[in-house]
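Visitor: I have a structure I would like to understand better, so I am pasting it below and will then ask my questions one at a time.
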Amino acid sequence: MDHYDSQQTNDYMQPEEDWDRDLLLDPAWEKQQRKTFTAWCNSHLRKAGTQIENIEEDFRDGLKLMLLLEVISGERLAKPERGKMRVHKISNVNKALDFIASKGVKLVSIGAEEIVDGNVKMTLGMIWTIILRFAIQDISVEETSAKEGLLLWCQRKTAPYKNVNIQNFHISWKDGLGFCALIHRHRPELIDYGKLRKDDPLTNLNTAFDVAEKYLDIPKMLDAEDIVGTARPDEKAIMTYVSSFYHAFSGAQKAETAANRICKVLAVNQENERLMEDYEKLASDLLEWIRRTIPWLENRLPENTMHAMQQKLEDFRDYRRLHKPPKVQEKCQLEINFNTLQTKLRLSNRPAFTPSEGRMVSDINNAWGCLEQAEKGYEEWLLNEIRRLERLDHLAEKFRQKASIHEAWTDGKEAMLRHKDYETATLSEIKALLKKHEAFESDLAAHQDRVEQIAAIAQELNELDYYDSPSVNARCQRICDQWDNLGALTQKRREALERTEKLLETIDQLYLEYAKRAAPFNNWMEGAMEDLQDTFIVHTIEEIQGLTTAHEQFKATLPDADKERLAILGIHNEVSKIVQTYHVNMAGTNPYTTITPQEINGKWDHVRQLVPRRDQALMEEHARQQHNERLRKQFAAQANVIGPWIQTKMEEIGRISIEMHGTLEDQLSHLRQYEKSIVNYKPKIDQLEGDHQLIQEALIFDNKHTNYTMEHIRVGWEQLLTTIARTINEVENQILTRDAKGISQEQMNEFRASFNHFDRDHSGTLGPEEFKACLISLGYDIGNDPQKKTGMMDTDDFRACLISMGYNMGEAEFARIMSIVDPNRLGVVTFQAFIDFMSRETADTDTADQVMASFKILAGDKNYITVDELRRELPPDQAEYCIARMAPYTGPDAVPGALDYMSFSTALYGESDL
């Protein structure tokens, strides 16, 4: 092969760093590598008092190669061969290669013969392998190593320099500012960085190379002209030279590590404070919205018209569809943020977050409960008010119709009863007047029922709080007073006619018979007209069918009524015949009744006209009720599917959150799939909302085809969304806890199994006997426990679990543990709290002592730290964060501006006030 590959067993060198023989085809790169590798080797060989001039020639006998390895490793190699023969040279080179291999480096296609023969590609590859192993491999920055670690170190050190952007080990260094920034960052007195220009790379490179050689003991391994004149400088040459800077400045690494630890701790604290502020603001906004909304829902001031109440119902529907759903999501997000914050605080060993008074999650839940209670009562009140107004409108119209008919009938009756026509009447006229009065009394009695109906309707309007009750009562009172007066006048006239009855002898029997038959027939026609014009209100097909049946029965009586009409008209015709035949002077009118044949025929014709109108009204109402029935069935068909679907999803989510199938990531993925399927189901809920709106607009108040109401579906849907979101958040917090604390999946499963085993009943508590069993049953199989779990332990359950796992359960120790897992003293232990406690006992976390030790490093072992030291070692925002919160140091060794980092460190972990 024409090239070789070197790889260490610990994979410190990535695949892209493998030696590529094609790179040597570029003379510029080969020249850079020769110079850089030669300078690097000489920087170590000069410690042994020697150096090389030609890299491929001076290593051919293996002597200086072995010497180089001894210098950079600090170990003694086997004694070299001093002979000049080829075999002696090959032996020495093999000893060097064997030593390299003993350090865990796998050499591929590199043999002693190629080195002895002066193969420049193989020689440069071997030197690059040595550089990787002894100069770059051990570089480690924030859990990265080798090339990535060196690159990260360069990026971190040059980050404050805006005109430096280190992304690689070739073109990022061409302008020379990267080398100057590294030197200025660690030794700012050596370079005036402000005078450097990005458009003058030769000056920048030569400045860096000269300063490094003169003050940092780093030999000049590169030529500025070669770097500037090459489109892409050699990566290995740059890495070799940059690694020398890393080792030269490695003494500052300890301070950097300390600063990193402080930055990490402060970043956690800043993030937690931001989450606390976000929670407080979101909680305040949600509580303010609830406070404004509840009075609106509790307002029970009724409206006077159906239109106004329907507008209120429409406003309530907008509230349920548009205004409340976002608040439901905010409430759910608030609980998720609170749980996440508490989890992060526990993981970072910080005290639990206690919201300000009145903004606890329980306070929000209580306020939300009050909102939903007011909301439920408001909707019931709206529907009842609409029913009431509908009934009132119907009754008011019925009252007006009956009152108008009655007032039309009573018009002129008082004057007639007061008329004293009997004083000058003939005997026959007196008898006629008496008979006429009897007919009037019959008519008056027939109208008694209507007056009672008018009074009853007025009473019902009063009971239903009709807004125009005063005018109704006044009209009803006028009718009743007039009726009483008619009764009194009728009695008075009868007495007068009876006194003169003895003076009267004859009466026309035909007129009397006509009057007696015409009056009830006239009343029947008036009643029929009233019934045919009477308004009706129905809510079911059965009710309209009942009205239709009654109407058909009425139409069946019309033939008999027509016969009666013809018979009455026959009597009148017979009277006319007798008058014409015998020339009887009857003054041209029937003395016993005011009902004429023309009136009978007119009313009869009116009845006949009203019948088909009534038929049409009943048919239209029947069609409307059929449409309403279709709406009921349409809504029921969807509700009977959606309701059980929601219940099924709730049960499935509950099983997923309890059962231990797969990893937490598997459970989270399964839950997210459920969440996606639930969200995709939302259009069906919206479609059901549309059907429900059609039902409400049609004023349908019951549905026998389903037990589900829209309220049931809405509540179930909101609970489903909240449950899936909470369950996903719980699993995410478990993953966060597991990853942060280094808990394996097997440990997590063991914790879950132990928790489920001791949580035996449906209430999440254990009795004394069960508790004893828990203490002695840790070792048996708990993986197939079929009982339902609630996800919580009470105090006794948790004590049993801890004892069974080897914890000392003295009363004081148990009280301390309970204050950790149950800070709110609810008497129960959730699985999340259980996991947090177990992870805290088994994993290491940052402590106040560690942070104080880090600050002491930055302060140069002083008991205080200065503002300049903080700003030099920490990023600007975190440095200012410390300066604003650190108290002045007051010890005996204090200097002006000294800050107390010890009290600040303890305050970060809740051991003192910040």
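Placement of Cβ uses the backbone N, Cα and C atoms for every residue, glycine included.
Feature table excerpt (TrEMBL):
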type	residues	note
COILED	265-292	coiled coil
COILED	430-464	coiled coil
DOMAIN	31-135	domain 'Calponin-homology (CH)'
DOMAIN	144-250	domain 'Calponin-homology (CH)'
DOMAIN	746-781	domain 'EF-hand'
DOMAIN	809-844	domain 'EF-hand'
Visitor: Counting only residues 6 or more past its boundaries, what in the same chain has a CB within less than 8 Å of a CB in the coiled coil (265-292)?
Guide: 327, 330-331, 333-334, 337-338, 340-341, 344-345, 348, 350, 353, 355-356, 358-359, 363-364, 367-368, 370-371, 846, 851, 874, 878, 881-882, 908
Visitor: Residues sitting near the coiled coil (430-464): Cβ under 8 Å, six or more positions beyond its termini, same chain?
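Guide: Distant Cβ neighbours of the coiled coil (430-464) are 388, 391-392, 395-396, 398-399, 402-403, 405-406, 409, 416, 421-422, 472-473, 476, 479-480, 483, 486-487, 490, 493-494, 497-498, 500-501, 503-508, 511-512, 515-516, 519-520, 523, 591-593.
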Visitor: Quick check on the domain 'Calponin-homology (CH)' (31-135): DSSP residue counts for helix, strand, coil, in that order please.
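Guide: Across the domain 'Calponin-homology (CH)' (31-135), the residues distribute as 71 helix, 4 strand, 30 coil.
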Visitor: Give me the mean pLDDT over the domain 'Calponin-homology (CH)' (31-135), rounded to a whole number.
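Guide: Mean model confidence (pLDDT) across the domain 'Calponin-homology (CH)' (31-135) is 84.
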Visitor: Run through the domain 'Calponin-homology (CH)' (144-250) and tell me, per DSSP, how many residues are helix, strand and coil.
Guide: 65 helix, 2 strand, 40 coil
